[in-house]
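*Asks:* Here it is: the structure, laid out below.
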């Protein structure tokens, strides 16, 4: 029996809002995260609560919406809403979600607006009356072509008041449609070879948990073991938190099916590993492990290499919490300059669905960080941050530290200059908004960015140094946001950005062909 995702959403129904407009300044000027997925098959366990805790561990990967789907062998039940995991779920809701298999999702939008309809897991009924729920981390580069296919099969609405507009919903629709004539597992094996882009999926029916990873393995996905079941998660830290032991990474191009018969593994594509190097720099939790490499250890090593590449005389090294802290520790260890905690972070500042007032917006970074004046007053500071995107955050930070008494500010960045947008699951700004694109010449660019943020000196780690710190071969990493070398060809519709499906549905509602921009032509992505 399939149960629609509206089933337990009375509390949410009154707040099916679209979040648009300006986000707080600190969110606009950082690389914005992607999503987190979690799944568990464990008869006899409270799978809804395990999923809740797993999503808590993955909250850093997406703060716009959260959802959980559970099944007990007879029905699939989905609850989702806008907000943080702790805001969406309470004890009463979790207690109502009984079953032996569950998936969960925390969302940051990379395709589709922030609406209730676009929250995940997405849900679809099959023609056989069963249910399919799906969660997705990543971004599809052929979403428009898949949407055209779904529209032609009558699977997506173009004129209803608020259709879902994500590549994830398209995948859910096509999976459910394929399962009408075969098993869900076979439907996935038929569909996945036609999907292009970065994707880690968890999906389920009434009895079985499925998980898969795209052939490039752009985003991480791991398998863990419970005493009475199995867990899959975007990061190994989530396995630790729910008490699961790490088994292995799910391989690029691999589909897992987990049920009473155990774990089945099937290859749907040959692997061509291209893991996102930015996971090591910023996206992943420091207590996670990716491809056998500790994220924390990688960040500390980046800091050491940064100290060797960009030395400077100073009195104190401080990190911009949280992701800049391990690199700052490594910089201090290598340089011999003492490390200190110079900035306090407000742990309760996150993304908000309340539009900030002009007064609050002007506070900017002060809402998030505050200097320890007694630590930094009179000091020559080395300030280590994970990345520079637009530069507004670093400009405000430098100004704040000078006002607090720092006499020199030497900014060091634990990643190379970001010059290219990401089409594989990170919501970077357009090329024109990236500060490192202001000047073509590398030396002139460095001076222009230094001047723009107001630092005394500025240094970035080299691409070679960052890659070496990951301990992964360059050939197995995606570094496109730094060098423009995209491992997955980009169709024409990628120029439409995250609202590609909204754009195409609007065209369809006006009578235009849904697939007219779905050509598979590779297009150059300029700065």
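Glycine residues also receive a Cβ, built from the backbone N, Cα and C atoms like all the rest.
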*Asks:* Among 323, 462, 470, which residue does Swiss-Prot annotate as binding Mg(2+) at the site that also has 385, 386?
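*Replies:* Among 323, 462, 470, only 323 appears alongside 385, 386 as Mg(2+)-binding in Swiss-Prot.
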*Asks:* Among 310, 422, which residue shares the [4Fe-4S] cluster site with 276, 478, 481 according to Swiss-Prot?
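*Replies:* As annotated by Swiss-Prot, 276, 478, 481 share the [4Fe-4S] cluster site with 422, chosen from 310, 422.
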*Asks:* Given the ranges 1-30, 31-60, which one is assigned the annotation region 'Disordered' in Swiss-Prot?
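*Replies:* Going through 1-30, 31-60 one by one, Swiss-Prot flags 1-30 as region 'Disordered'.
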*Asks:* Where residue 35 (active site, nucleophile) and residue 386 (Mg(2+) binding site) are concerned, what is their Cα separation in Å, rounded?
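*Replies:* Spelling it out, the Cα of residue 35 (active site, nucleophile) and the Cα of residue 386 (Mg(2+) binding site) are 19 Å apart.
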*Asks:* Run through the Cβ atoms and count how many others sit within 10 Å of the one on residue 422 ([4Fe-4S] cluster binding site).
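*Replies:* The answer is 22.
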*Asks:* Using the alpha carbons only, what distance in Å do you get between residue 422 ([4Fe-4S] cluster binding site) and residue 386 (Mg(2+) binding site) once rounded?
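*Replies:* Approximately 17 Å lies between the Cα of residue 422 ([4Fe-4S] cluster binding site) and that of residue 386 (Mg(2+) binding site).
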*Asks:* Sorted by position, what residues of the same chain at least six away from residue 481 ([4Fe-4S] cluster binding site) have a C-beta under 8 A from it?
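*Replies:* The list for residue 481 ([4Fe-4S] cluster binding site) reads 278, 418, 419, 420, 421, 422, 426, 428, given in order along the sequence.
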*Asks:* Name the secondary structure element type, per DSSP in three states, that contains residue 385 (Mg(2+) binding site).
*Replies:* strand
*Asks:* Expressed to the nearest Å, what is the distance separating residue 323 (Mg(2+) binding site) and residue 478 ([4Fe-4S] cluster binding site) at their Cα atoms?
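*Replies:* If we compare the Cα positions of residue 323 (Mg(2+) binding site) and residue 478 ([4Fe-4S] cluster binding site), the gap is 20 Å.
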